[in-house]
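Listed features, source TrEMBL:
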type	residues	note
BINDING	G100, E101, S102, G103, A104, G105, K106, T107	ATP binding site
DOMAIN	7-659	domain 'Myosin motor'
DOMAIN	888-1086	domain 'MyTH4'
DOMAIN	1091-1385	domain 'FERM'
DOMAIN	1383-1448	domain 'SH3'
DOMAIN	1471-1618	domain 'MyTH4'
DOMAIN	1624-1931	domain 'FERM'
DOMAIN	1852-1881	domain 'PID'
REGION	548-570	region 'Actin-binding'
TRANSMEM	1909-1928	transmembrane segment
Amino acid sequence: MHPTSVNGVDDMIRLGDLNEAGLLRNLLVRHKDGIIYTYTGSILVAVNPYQLLPLYTTEQVHLYTDRRLGELPPHVFAIADSCFFNMRRNKKDQCCVISGESGAGKTESTKLMLQFLAAVSGQHSWIEQQILEANPILEAFGNAKTIRNDNSSRFGKYIDINFTKGGAIEGAKIEQYLLEKSRVCRQAPEERNYHIFYCMLMGMPAEQKKILSLGNASEYNYLTMGNCTSCDGRDDIKEYAHFCSAMKILMFSENDSWEINKLLAAILHLGNVHFEEYHVISVDPKALEKSLTQRSFMTSRESVTKPLTSAQAMDGKDAFVKAIYGRLFVWVVGKINKAVFKPPPEDTKYVRQSIGLLDIFGFENFNKNSFEQLCINFANEQLQQFFVKHVFKLEQDEYARENIVWKHIDYNDNQRTLDVLANKSLNILALIDEESNFPKGTDTTMINKMNQVHGKGDVYVPPKNNHDTQFGIQHFAGVVHYDSKGFLEKNRDALSTDLIQLVEKSSNKMLKQAFQNELSSNGEIASQLTVDAKKRAPTLSGQFRQSLDALMKTLTACQPYFIRCIKPNDFKKPMLFDRDLCMRQLRYSGMMETIRIRKAGYPIRYTFDEFLERYRVLLKSSLCDPKTVLAGQDGDWKTGKTKIFLKDFHDTMLELERMKELNEKALLIQRVLRGYKYRRQFLRQRSSALVIQKNWRGYKGRKLYRLGFARLQAKVRARQLQHHYQQKRVAAVRLQAQTRGYLARKEWQRKRRAVILLQTNTRGMLARKQERREEELAALERQRRLHQVLQQKKEKEASTQSESITAQEMVDDIFGFLPNMVGGQEGQAPAGFKDLEKQGERTRPEEVDLDDLPMVEDIPEEDYDDLDEYSFSKFASMYFQGAATPTHVRQRLRQPLLYHEDEGDVVASMTVWWIILRFMGDLPEPKLVQGQGARGLRGSNMVNNSLDPDLALRQDRRLSHMVGLDQVSTTGVSQQGKKHSRIMDGIFFSFFCCFFSRQFLDEIYCQICKQLQENGNRSSFYRGWILLSICLGIFPPTERFIKFLQSFIRFGPMGYAPYCAKRLRRTVANGVRGEPPSWLELEATKSKKPIAVSVTLMDSRTISLPVDSSSTSKEICQLLSEKVSLKDTFGFSLYVAIYEKVWSLGSGREHVMDAISQCEQEVKRKGGQEQHAPWRLYYRKEIFTPWHDCKEDSVSTDLIYRQIIRGLRFGEYKFQLSAKHFYVQHGSDCSLDNAKTVVQDCINASLLEAKTQDKWLQMVSTAHAQKAAGVKAEVVDYARQKWPLFFSRFFEAAKLSGPALPKNKFIVAINWTGITFLDEKERRLLQLSYPEVTGVNTMRYSSGKTFGQSVSLLTLKGDFSLNAAMAGNIAELVHMFLGGLRERSQYAVALQEVNQDDPTFLSFKKGELIVLIKDDELTVGRGWIKGKNERTGKTGAVPIDAILVLPTLTKPTNEVMVISKNVAPERLWVKSREPIKQPLLKKLAGNSELILDLCLPILKYMGDYPTKQIQSPLELTDQIFGPATKDEALRDEIYCQIMKQMTSNNNRFSLEQGWQLLWLCCGLFPPSQSLLKHTQRFLESRRREPLAPDCLQRLQGSLRYMKPRKLPPHQVEIDAIQQNSTQIFHKVHFPNDMEEIFEVNTSTRIRDLCQTISTKLQLVSSDGFSIFVKTPDKVLSLNDSDYFFDSLRQITDWSKKAKSVKEGGGPMNMSYLVFFMRKLWFNVSPGRDLEADLIFHYPQELPKYLRGYHRCTKEDMVNIGALLFRVKFNNDKTQFVLIPKMLKDLVPNDMLKAMSTTDWQKNIVAAYNKQASMTSEEASLAFLKVVCRWPTFGCAFFEVKQTSDPNFPDIVRIAISKQGVSIIHPKTKDVLATHPFNRIANWCSGSTYFHITVGNLVKGNKILCETSLVKTFITVLFVCLFLFFLLLTCN
């Protein structure tokens, strides 16, 4: 005997004795040792042990997971793992064929394979449990006890398990084959019917059995034919409980289960032929009797009814019963498939992987074999041929094709048997079918035909004689003899039409569903009665062959594995090995040949490409040589033409080496990447460290630099502290001395009292005399001192009065040269306006506070309050150069006070200092040299020498314009002239400084403030404040100095502080002046009061107004409009006139005093005195709006009318308006005198000279007679229409670029008709209407050293770029006119063609005119407007982006229409109004419908697509982001579509909505790497948008978090972003009724939120806590690794769906609350974390206690009741009377009746008094310390309904704690069972069920429970298991 045969081997290929005896001994030896599995290569041989072995625990599952075949001892788990591994490795479907005789253990092997695959899937999903629980149902209906097997499968099944790409089970499909229906009616001796009947009768409740009239199994014929109603080893009661549990798991409803029970009961009753039980199948008893006792036939003419014999009736009844059961079984399988099968998606790219398990009936050879055995053995012949083909034929054929040297191995081929049975023509099954189709065919005729055709062959064994009904077939397992009796009837498998009609009339829905294939859709059954229909009916063998062919095709397409099950004995006894039986099974299974071919063959084959691709990692060079890869391995491998052939162990070794190399390479990659990561981190940290070092060193240097100041401060503070200490010490010593002195004196007085009493009388007289004398002297001294004080007070008052007078005289002396005058009233009126002064009467000036005027933004006065920190000395110490001090000096400066980069500013600063010293009198006047006057001194030296020569050129100013430089006489300068000269120098200098840089202005103010601080010279001091007030009215300081200047002004002399502060505010508000101050301003500075100016209206009224240096034309015009009650103020402007010149100041930011200063300079230029300049201010209409309406404002119309009438007189307008004026003035009175008055008012002198006065009188009278109803409004409208150029605003401009014009310098006239370019002679160069202007904007330009502003006009005739001093005013006016016209316009031109089938939308072509209809139906803000196509006349919705609204109030011309339609060319990458037809990305081409489903919601959300049915934002975001969260390919498409809609989007609402979508999208998932940089660039280029930085931040965050969101945004996220809030806050509740607000974001996970909450509450640790969500119907725990909003969305969606289905409504809002509570109570010790005890532990444990979950004694309950009372009322004993009312809050509910209320109160009060005084918090902690001693402390309790164990009550309480899972009786609180965590083999959950398997995977205990808290239960269980195994691993 070979050594390998002594102890046996795992793989029989390695046997030395390769013969049948060696094989048998190997199996015998291993069987005795309890080893039932043996390999034959990759084929597993399994010997049935007939006992439960410890081979199927969870440890074994983990041991065999992801291990190669042969690494571990043989096991069915190894085959299952190999199937799973090869499926994922080779991407090919796998199958496992489990074969063997009946009783060999095929079914158990199948279940073990399923258990392993479910465990390897690792999801613990409900679908896994459903697949596993399909077996109990199928076994109940399809398995029965036979003489060879207690659980024999009487049908075949193929389970196709589907897997996801990740290896998780996602579904399964079960195919059933050839149920043995005859067993329902007949069983062999010692055999039983199907299990379901016995289980039902034993396990069904008595109430249900009574309804169905059921009894015991012995009462029914169908269950007692085998004289066996019980089965050893099977507990029918328990099996029925498992069956019911499986039905619930597989979604069988209660009604389904009841209907099934009714049909099963009907079958049992029919077996007894007692028709009184008809009601169970809901048919008429007479109809049933007729159908079972009569048969209907269809002749050629009519239907004939024939009575049946007793035997025929019994056969018909049995056929009906078999039909019911068979079809019921098919329906049950279909129901199971409906629950477990998931149809594949429609995506053609989706590839589903699967593993198929074939558990089919084994080879059978009984004493009497019938038609069923023939079909079963035929199936086994097919499987044997499949085995032979794969193991022998294909393998040896492939060796031949690949030229592998091979010795052919003979094997037993059963192909000839298959040919006789089914393949050749006239085969046995074909002959059976042929006879079955003949109405007169019998079993005898059938066997005669078989004898005739196959009688001479060696496969078919004919009967011994003509009367014998048995024939034999030579099968691969031996000869089997079949009894042909009943073959044809069983093969026909047909019901009589009477029974089918009976089923159709039945009211039992389940019965009709089972027979739905036999029942036609229209209920017509008559067609089935014809002979032709009967011939066409498929036979049972035909159906079986078709299903078997389909099965073989499926198996052929898979990579097969084989498990050969061996039955060791026929007695089902353990440890009994029948050698003969086993040898026969080994022999016919071809095991010997299999071992030979496996031993010699090469089962592992790779093509060269596959081998290279898989094992490239093992190559040591660039050349692929198998010898290199297989170096060191056994040389028994072959290389063929196209493949490499390996042994099993080669494949195992290669896989192990490959995994080793891959691990090494992975470690290498990780090492390099980690090195790169940490190097980059190091460089970043080093760079950061350098920055920190640099800043620290700078800070340290600055600190050292300031150390001297710090030391000085320390010295001063030390001195102060020392001084304070000395003072306090002196006071303390003095107090001590006084106290001690008082005590000493008291003692001394006591001792001397007697002596003093004796001396009193003697010394009294002397003392009184001396006292009187001293009092007289003191009175004289007091009188003398009082006289001295009064004299000093009088002298001081006199001195103060003298000083005040001196200051006022000084100011009068400085401004003594100024005359008294009123602005705008000096001299004669300008030409053309004298008539207004003749007729008008001036009004008195009115005092108006200029701060009340509406002006540009002002600095609020409250900002001036906190100015103590901004002292001038502080500014000087911070910014002054060198050793400059902030106090008054009289020397010249060596350098400017402030630093200036420009050299010209430095020189100017020194010159300004010299001027300030002269003005303030701190520097004497220079002596004039002969021949040099003041002009030369100031003009030559100061300007030409001191200042930069290019200064005048840079600032574009002429020095001749500056007052005081060229107008001073050079001779005869008097003292008054010197003063005048200093004043003018200051004025000139203050104006001249405006044209330096703004930093230079601070230099001026600093110099003035320096000379004012600590200035002891009163004259210089007041001159300085005068100079400062003048400067404050001309230019403001910079932001750097303004607060310091404000602080300095506060301490000015009386009257100057508020005056200067007010001037500063006004100058800051209205800007820098452009001209030097006027004489009026100097007068105002003298009096420190507003300037009074007069403004004349066109109706001859003159209004005097107060102004100041900063007043603008806008303020004056606004004040005037309020004075005269003018409503229509636009177009009214302020005009200034002097001599013959008149120009407009407009109504904007033009400074009025600048215009007055220009007038004074003009007078001075002409040689006059500027202080008496005859300027005037007028208020006139300058320009009309295109939409002007005279009826809106009668005051405006009257003023314009008066202006027009004056224009007639002075020749501005034609005389046709005279008649209208005649009517306005005199009505219908047409007298000659009135006509003369009108002629004088309206006709100018030149026209009167051309025609006589009489002629004019005649013409005016004639026009008046023709127009009797004229009004002022007609005059105004006529003038506006007739003379638009006269009502225009003019601007000088020069063309920089644009279409050619006759001249490049011209005047731009803007009026209500358009824009006109005029030359100097007012000839028109170009005229543009507003529809021709498409846009206007301003820009800065530079030309050499000059800078300016230009305006760009975009027109249909070309784009013009104009240089204009008032470019901003031009752009503002044109923009206002264009906007107003577009707003009021009713005309638009189509920019693109739009074709819509929906009548809601308007269709139009490009360039067509659209008439806009403005109503409330569509909102323009959303991007839609209603319009009418002028060509078609149709109306509909028009997108704003598709049209161009024309700025016109009249219908546009054809020229404008033609040019306008080409304004905006179509671009595909920008916003569009129509949904796109194809995806933007090429990789999604072809998915147009899916893309439309994405694009349309985006357009609707952004408001770019109108919809009549309003959808909520949540619905739209679900449609947008829902598909992308499931399909990664759609994410880039969503990014692209959103960014496309945001490009060139001018609709602000749409753009804001788009940013909201992009904000949501960036938080849900990032784009791909190819799109990422473009998305980042898109966001970075739009940083000014409010949401752009947040989007960029969220995008970076989503890149950091590797896992994208699983669900669309939650309602809370959408609500937040719609309110423009990027911060999301959520309320979290706590068990103690507290609540807090916490910030959460899109990427917040549950664990992050738990940590945040724990930190804020200052908990010791967040371990064991979790987030819970409470909905109206349940409380669910959230998974720590999930995103917060994903979890919320999932839960609220579930609740919404459930509520919607329940109430039958649509979508609805779902309320919920978020709680933070403790979930796990491991290692909880009361007192260790007081915050957790009070907030969580106490409020969470108290309800459990009050609900009665704990078992406790009465003493504990009384003690706890006292503690709970103390928690509520602390130490208030007066509340004892409330104990009876609140007893339910102190005692468990189930124990309230254990004692009377009085006894409870008495005991609780007694316990309360015994307890020491404690606070409520201490009482709470004491409660926890009592409860924590109980074993159920910290348990999570669940009230569930269980259906798995009939010994337990229906409702049980499950407690999960660190000890495991306990089942507790809810009433007695007894622990029924406890299952430690290490005993839990598997668990899973559904919607309302959870399932736990305890112990062995095969025969373990199953717990199925129903509860609404399934998710919470499974979460707690999973976490507890995880912690348990984690602790186990650590230990």
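Positions of Cβ are set from backbone N, Cα and C atoms, glycine also.
Worth saying up front: this structure is predicted, and the values here are computed from it rather than measured.
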Other same-chain residues whose Cβ falls within 8 Å of the Cβ centroid of G100, E101, S102, G103, A104, G105, K106, T107, the recorded ATP site, in sequence order: N48, N149, S152, G362, C565, K567
Can you name the far-off residues of the same chain, 6+ from the ends of the region 'Actin-binding' (548-570), with a Cβ under 8 Å from a Cβ of it? 27, 31, 40, 42-50, 76, 79, 82-83, 86, 90, 92-106, 109, 148, 158, 160, 175, 177, 356, 358, 362, 378-379, 382, 386-387, 390-391, 576-578, 581-582, 585-586, 589, 591
Could you give me the DSSP helix, strand and coil counts for the region 'Actin-binding' (548-570)? 9 helix, 8 strand, 6 coil
Out of 7-659, 1383-1448, 1471-1618, which stretch touches the domain 'FERM' (1624-1931) the most, going by CB pairs under 8 Å? 7-659
Fewest-neighbour residue among binding-site residues, criterion Cβ within 10 Å, set G103, G105: G103
Tell me the Cβ contacts of G100 (ATP binding site) under 8 Å, same chain only and six or more apart in sequence, or just say none. A46, K106, G362, R564, C565, I566, K567, Q585
Could you give the mean pLDDT over the domain 'Myosin motor' (7-659), rounded to a whole number? 81
Measuring CB to CB from T107 (ATP binding site), give everything in the same chain under 8 Å that is also at least six residues away in sequence. E139, N143, N151, S153, D359
Structural state census, the domain 'MyTH4' (1471-1618) (DSSP three-state): 96 helix, 0 strand, 52 coil
Please list residues from the chain of A104 (ATP binding site) whose Cβ is under 8 angstroms from its Cβ, counting only those at least six apart in sequence. A46, N48, G362, C565, I566, K567, Q585
Would you find the one among the binding-site residues E101, S102 whose Cβ has the most company, meaning other Cβ atoms within 10 Å? E101
Packing count at K106 (ATP binding site) (other Cβ atoms within 10 Å of its Cβ): 28
What counts of helix, strand and coil residues does DSSP assign across the domain 'PID' (1852-1881)? 3 helix, 18 strand, 9 coil
By DSSP, what is the split of the domain 'SH3' (1383-1448) into helix, strand and coil residues? 8 helix, 26 strand, 32 coil
